[in-house]
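Chemist: Just passing along the structure, written as structure tokens.
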Amino acid sequence: MNPSEMQRKAPPRRRRHRNRAPLTHKMNKMVTSEEQMKLPSTKKAEPPTWAQLKKLTQLATKYLENTKVTQTPESMLLAALMIVSMVVSLPMPAGAAAANYTNWAYVPFPPLIRAVTWMDNPIEVYVNDSVWVPGPIDDRCPAKPEEEGMMINISIGYRYPICLGRAPGCLMPAVQNWLVEVPIVSPICRFTYHMVSGMSLRPRVNYLQDFSYQRSLKFRPKGKPCPKEIPKESKNTEVLVWEECVANSAVILQNNEFGTIIDWTPQGQFYHNCSGQTQSCPSAQVSPAVDSDLTESLDKHKHKKLQSFYPWEWGEKGISTPRPKIISPVSGPEHPELWRLTVASHHIRIWSGNQTLETRDRKPFYTVDLNSSLTLPLQSCVKPPYMLVVGNIVIKPDSQTITCENCRLLTCIDSTFNWQHRILLVRAREGVWIPVSMDRPWEASPSIHILTEVLKGVLNRSKRFIFTLIAVIMGLIAVTATAAVAGVALHSSVQSVNFVNDGQKNSTRLWNSQSSIDQKLANQINDLRQTVIWMGDRLMSLEHRFQLQCDWNTSDFCITPQIYNESEHHWDMVRRHLQGREDNLTLDISKLKEQIFEASKAHLNLVPGTEAIAGVADGLANLNPVTWVKTIGSTTIINLILILVCLFCLLLVCRCTQQLRRDSDHRERAMMTMAVLSKRKGGNVGKSKRDQIVTVSV
């Protein structure tokens, strides 16, 4: 290529170099591990709980039912997405964090206990030997031996509590005897006896004293009268048949400020039969010496001998267990289970003997001779929700408080029990009413005004809503995965139960004796009975939940729409309710329930259903640009004029852009020509006119 051709060739376009140092510096600072800046309102989110997932599923199902949409995984996901997006996108109003809303809440099965009262129904007390102690049998107690005897300090309220022991307000223990006659014919031996001695409940008033109200039909229970003769049994001392009966008169077990407790079961003891006696006969009541002799410690005496010139008779025939009940100031049911706890506190002793007739000083002489070589240890147990508090229990009637320091929580009583302590029957609380505070108003679910606020935020911050929506979708995938895993686990647990049931059926083949099978069936029946009792409490709690309208963001307990009024229910009343007190200063639960149920009914019509979904649809329709145009002009002519104006403006912008681009090209060519001319050393000298023209025209 010659120099002339090089001169004719246009020089290359020079690029405009920018200063890239600041951009490079910024790129060097960018790292993927850098944390995002947290805004002042940002809060650390906790992982979703199972209760929140369950509540989210319930709300999504409810919305689909109200809108009559088929429940498919896709529709459930979209419904859950809508709910989560509404909650996430809701702007926090100014001053909302400082607001305080206090409502009544129902907490089912809190970690609290209360004393079992005389007005409660009898509880289930299980024994390990139903031959000598009647009642349901269960030889697997205690269920958790490692938890027996845990220390506890209690201070709870009461209203006629059930307590056993040597303390005011508790039923006192004593030894009681039950006698049966063995049919043996002998000229010397009048009667042959089998007797059982064990711990029972001590009468405070002699049962032979005639009280007018004792014979009143108002307090006499309905039942079979006790026999007039001593029950006759077989010679087998290993069998004792218990039969409930009602004695001719009642005994008073307690009559003080804690109430009047009576018992209509027979209280058998030996006494002198003075009928037909011409000489001076001792009192028909039990001899103090005899009573003292028979009620001494069951461990010291293994031989009893009663001698007299008068015949010995056994009063109050019948083999029946005590069934105490309260009759004043309130009336309650019978509680036969208390005796099963008392009799298990000491082993029972089995006696065998007879009554012989001799002649001394030409007079008949009667001797009762009893011997014992057999004792049987017993065990009585309760099952949840019931427990036994054992220790130095103090009942304070002035403050209606039961206190016990360093007490033990037990479920079983056996022969190692020390009667220097007392026994208080307690159970888990079914539920309590407490005021709770929230940082927002009570809502049954994300309501219409929340949807409206969200839609306003969508219209004003569209880009922010898109990013929020993406984040919500990603979060909801994790939530859905968690729920799916939980569903699989639940399904697996059901299969495990079936597997256990199959194994349980197969395990019955390993039982080799009918007694073992009977014991297993008895245990299963007892488990079923206790389960029914426990399920009854659960059903009562569910009944309350169904009748109440609860806040949408709670599932473990129920926050009701009833506002807490401190002037009407001060905190001291709530505290006494939590302690289990039932006096005039305690919270009136029945009245409070009526108010809360009425408030729940008033909010039933405010639950957002189809109206809420319609509001969402209307709000989303506002995102259509056509609706924005319609808001400016409502006629077609005006809309057409607006469109023409927009097109004219667009055309004007395009023409201006093209003109600016042509001017820029002309300037750039002129600059290139000047650059070429300035680089020539000799200018145009020696060049022909044609070359000059060619060079310039390039």
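Along the chain as shown, residues are numbered 1 onward.
Cβ coordinates are placed from backbone N, Cα and C, and glycine is handled just like the others.
Annotations per Swiss-Prot:
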- 1-89: signal peptide (SIGNAL)
- 1-47: region 'Disordered' (REGION)
- 10-20: compositional bias 'Basic residues' (COMPBIAS)
- 90-631: topological domain 'Extracellular' (TOPO_DOM)
- ASN100: N-linked glycosylation site (CARBOHYD)
- ASN128: N-linked glycosylation site (CARBOHYD)
- ASN153: N-linked glycosylation site (CARBOHYD)
- ASN273: N-linked glycosylation site (CARBOHYD)
- ASN354: N-linked glycosylation site (CARBOHYD)
- ASN371: N-linked glycosylation site (CARBOHYD)
- ASN460: N-linked glycosylation site (CARBOHYD)
- 465-485: region 'Fusion peptide' (REGION)
- ASN506: N-linked glycosylation site (CARBOHYD)
- ASN553: N-linked glycosylation site (CARBOHYD)
- ASN565: N-linked glycosylation site (CARBOHYD)
- ASN584: N-linked glycosylation site (CARBOHYD)
- 632-652: transmembrane segment (TRANSMEM)
- 653-698: topological domain 'Cytoplasmic' (TOPO_DOM)
Chemist: Between ASN371 (N-linked glycosylation site) and ASN354 (N-linked glycosylation site), find the distance joining the two CA atoms and give it rounded to the nearest Å.
Modeler: 9
Chemist: Where does the mean pLDDT land for the topological domain 'Cytoplasmic' (653-698)?
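Modeler: On average, pLDDT over the topological domain 'Cytoplasmic' (653-698) sits at 66.
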Chemist: If we check Cα distances from ASN354 (N-linked glycosylation site), which of the glycosylation sites ASN128, ASN153, ASN273, ASN565 wins as closest?
Modeler: ASN273
Chemist: For ASN128 (N-linked glycosylation site), what residues in its own chain, 6 or more apart in sequence, show a Cβ-Cβ distance under 8 Å?
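Modeler: Once residues fewer than 6 apart are set aside, ASN128 (N-linked glycosylation site) is near ILE137, ASP138, ASP139, CYS141, LEU378, GLN379, SER380.
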Chemist: What's the CA to CA span in angstrom from ASN273 (N-linked glycosylation site) over to ASN153 (N-linked glycosylation site)?
Modeler: 53
Chemist: What is the one among the glycosylation sites ASN153, ASN354, ASN565 whose Cβ has the most other Cβ atoms less than or equal to 10 Å away?
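Modeler: Neighbour-count leader: ASN354.
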Chemist: With every protein chain in view, what's the tally of Cβ atoms within 10 Å of the Cβ of ASN371 (N-linked glycosylation site), excluding that atom itself?
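Modeler: Summing over all protein chains shown, ASN371 (N-linked glycosylation site) has 12 other Cβ atoms within 10 Å.
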Chemist: In whole Å, how far does the CA atom of ASN565 (N-linked glycosylation site) lie from that of ASN153 (N-linked glycosylation site)?
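Modeler: ASN153 (N-linked glycosylation site) has its Cα 32 Å from the Cα of ASN565 (N-linked glycosylation site).
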